[in-house]
Amino acid sequence: MKIVTWNINGIRTFKNGIKTTLDSFDADIICVQETKVTRDLLDEKTAVVDGYNSYFSFSRGRSGYSGVATYCKDSATPFLAEEGLTGLLANQGEAVGCYGDQVELSSEELLALDNEGRAVITQHHFIGTDGPQKLTVINVYCPRADPDKPERKQYKLQFYRLLQCRAETMLSSGSHVIVLGDVNTSHPPIDHCDPDDADNCEDNPGRKWLNHFLFGTAEKNTKDELKEISQKSASGGKFTNYGTRIDYIFADRCLVKSAFICVDIMPEVEGSDHCPVWAQLSCTLQASPKFPPLCTRHMPEFTGRQQKLSRFFVKVSEKDRVFKDSEESLPGSQDTGGILENLNPVVQENSVAKKRPTCREKDTNAHKAKRSKQMKTESNAKGSLLAFFKPKQTPLIPSSGNLSLKPTESSQDSPDSESDTRSCPGNVQTETSLSMITEMETENQDEVEGESTSIDKSKDCKKGPCTGFWKAVLHGPVSYGLKKAGPNLGRQFFVCARPQGHPSNSQARCNFFAWVDKGK
């Protein structure tokens, strides 16, 4: 048995084909986090994959935020599946059960903990050394404690306690338990690229909980050992190998001793700012003869069954309406491109179904054709109704000019870049907006937002692409805009385009910083 967990940072990670990506893992169970897709944006190609059955948990009320999903091979179909940790989202007949003592939390708090789509539970059967046994897999995307929002810190700790209560209750019922996903807390100091204070890191509430949740304690490392480890790791791996270990696979002690063979990360897999983590076990899963009710294959929109009109209407309370109106954009929210991709729109010309005309309709159409010839001159004089629906002309920015650029190793601009840029007409230089987006996650902090890139292609450039432009893209600084409230809100600045890394790494980001001068 092989199991994989991966924070995909958006369902668009599967743009090259979700089946191809899933098959590349060669795993029985694949758990993904931060799908950033809601139920209304989930398309069939993502929900129903040949050879797999999937189980989703969606964020309710926040579009393009959070969300987890578990994909199981048909040969590893679970016997039970449930969304959330509280049991409030489970329908009759699909609950896994074993909820434990939840009296410390109010009903409103419990509902809020499951309202962001952060957990999916699947229960499997396998043959072990002691005969048939149960295995419960809890796929979680734990909240991040925003330092600017104290209430999120409390929310995160409540989620941790609820997760521990559910896992321990499952274990007490006789089932083996695997908890995996983005825990959003690094455990020992060695798991963090830049621990705040090696002596006091265990005072962090998240690490305190993690120490209590896990069996045994990690060995303490001195500052010198941490420095030596950081310097060694700065020379290899993914980009500068500079990040934080917050994605884990936890299992009960008995299962680890009896079945776990090996566990490792997959830094070669691109598409997200997280690395997939996998584990190999010496047990064979048994497939359920039918899919649990939570399976996406049972969703009405994917089964071909006619839906009721009431299915498209949801009652929204006044409280929810006020909340949505005042809600600020959240880190990692789904942009317009992601929404359009998930909607997977069909070309308008192909979306209209054509019906074969009957004989009577042919006669009617012939009459209409004669009538249209008589009205042709008159309609041309008055103008066509379609003229009012023509799209706006945007010749200066063709759609093919949009570029999505990945962060690359950079160096300072060469002296000849200025002369290369001057080889293009001035209007191209002034109308061309250059920017790149680089992302480096440290406990899921998304503090800045890069500008979108649009490139003007002018017919006046007879010498082909400007070499100065490409030098600016590949070697120049990166333009960002501040999102946090304050005197500099919305103000743009430039920073080094290199990936973040240890100070001793010459290929890591330097300290270059400059505000954008709007006057130039």
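Cβ coordinates come from backbone N, Cα and C, glycine included.
Pulled from TrEMBL:
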ACT_SITE  Tyr141  active site
ACT_SITE  His274  active site, proton acceptor
DOMAIN    466-519  domain 'GRF-type'
SITE      Asn184  site 'Transition state stabilizer'
SITE      Asp247  site 'Important for catalytic activity'
SITE      His274  site 'Interaction with DNA substrate'
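For Asp247 (site 'Important for catalytic activity'), the number of other Cβ atoms no farther than 10 Å from its own Cβ, over all displayed protein chains, is 19.
When the neighbouring Cβ atoms lying within 10 Å are counted for each of the active-site residues (Tyr141, His274), the highest count belongs to Tyr141. The CA atom of Asp247 (site 'Important for catalytic activity') is located 7 Å away from the CA atom of Asn184 (site 'Transition state stabilizer'). Each residue contributes its Cα atom, and for Asn184 (site 'Transition state stabilizer') and Tyr141 (active site) those atoms are 8 Å apart. Of the recorded residues, Tyr141 (active site) and His274 (active site, proton acceptor) place their C-alpha atoms 13 Å from one another.
Its Cβ taken as reference, Asn184 (site 'Transition state stabilizer') is surrounded by 22 other Cβ atoms within 10 Å in the chains shown.
Averaged across the domain 'GRF-type' (466-519), pLDDT in this predicted model comes to 75.
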